[in-house]
Amino acid sequence: MASTGMQIFGFVLALLGIMGAMVATLLPNWKVSADVGSNIITAISQMQGLWMDCTWYSTGMFSCTLKYSVLSLPAYLQTARTTMVLCCVLAALGLCLASLGLKCTRWGGGRQSKRHAAIASGGCFVAAGFLCLVPASWFTNEVITNFLDSSVPESNKFEPGGAVYVAFVSAGFLFVGGFIFCMSCSGKRHGPQDLLPQQQQQQQDLQHQYCSLSPLDNKTGYSLQDYV
C-alpha cells in the first residue's frame, strides 16, 4: 500500500475538494455581470447561481431571489444542480471509506480490508470529481457562448463567476486524491499471513515467542527420559 504520508495527503486533498464542491454549490455567483447605470438605484452587479439570483445596488443594498420553479430552468442549470449534489454525496461517502482505508487508523480490519476500502474511496473521489467537472465545464461553455453572441443585449451578457473556478479547483483536488487512494493498492503484496484472522496471527506470535525461549527459561519442563 502507499505510504501513510501519501494517503494522508490524498485524504486532505479530497477533504478540500468536497468542501470546495459544497461551497461552489451554494454560492450565487456562477455567472456575474457588471452594468453601471446612470440612476443611483440602478443595479451595478448581478449574480446568478444554481439556487438563487442576487443583485448588488449602487446604494449598497443587496437582494436575492430564490429559483423555486425547476421546470422553467434551462437544461444546463438543472444538470448542474443534480450533478453538484451527487458530487457532494459521493465525495462524503468516499471520505467515510477513506477513513477506513488509511494505514494510520486502527479501524477498518486487516490490510486486505483496508486495501479494498482505499480502492473504493478512490473510485468515489474520481467519480465525484467528474460530477463536479461536468457542470462547471457545461456552465462555462453556455456563459461564454452567450457572451460571444452578438444578438444578445449587453445588459444580458454574463461572465463566469468565482463559483465556477472553485468548482474546477475542487474537481482537481478530488481527482488527485482519488488517484492516490486508487494507487494505494498497487504496492507489494504481503504473504498469506496477512490474510489470516487477527486471532490466528496472535497465536502465531505467541508460538514464536515460546519457541524462542532459552533453555534456562524452560527448566520447568520434564523429559520422559528422567522416568526411565
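Numbering starts at 1 and runs along the chain as it is shown here.
Placement of Cβ uses the backbone N, Cα and C atoms for every residue, glycine included.
Among the features that TrEMBL reports, transmembrane segment is placed at 6-27 (among others). Cβ atoms under 8 Å from those of the transmembrane segment (6-27) belong to residues 49-51, 84-85, 87-88, 91-92, 94-95, 98-99, 101-104, 118, 121, 125, 128-129, 132, 136, 161-164, 166-167, 169-174, 176-181, 184 of the same chain, restricted to positions at least 6 beyond its ends.
Here the transmembrane segment (83-105) has Cβ contacts under 8 Å with residues 1, 4, 7-8, 10-11, 14-15, 17-18, 21-22, 24-25, 50, 113-125, 127-129, 131-132, 134-135, 167, 174, 178, 181, 184 of the same chain, all six or more residues outside its ends. Taken from TrEMBL, the feature transmembrane segment covers 83-105 (among others).
Listed as Cβ neighbours of the transmembrane segment (117-139) (distance under 8 Å, sequence separation of 6 or more from its ends, same chain) are residues 1-2, 7, 14, 17-18, 21, 24, 30-31, 76-77, 79-80, 83-84, 86-88, 90-91, 93-98, 100-102, 108, 160, 164, 167-168, 170-175, 177-185. Marked as transmembrane segment by TrEMBL: 117-139 (among others).
Taken from TrEMBL, the feature transmembrane segment covers 163-183 (among others). When Cβ-Cβ distances below 8 Å are used as the criterion, the transmembrane segment (163-183) is approached by residues 2, 6-7, 9-14, 16-21, 23-24, 27-31, 49, 84, 87, 91, 94, 98, 101, 118-119, 121-130, 132-133, 135-136, 139-140, 143 of the same chain, each at least six residues removed from its ends.
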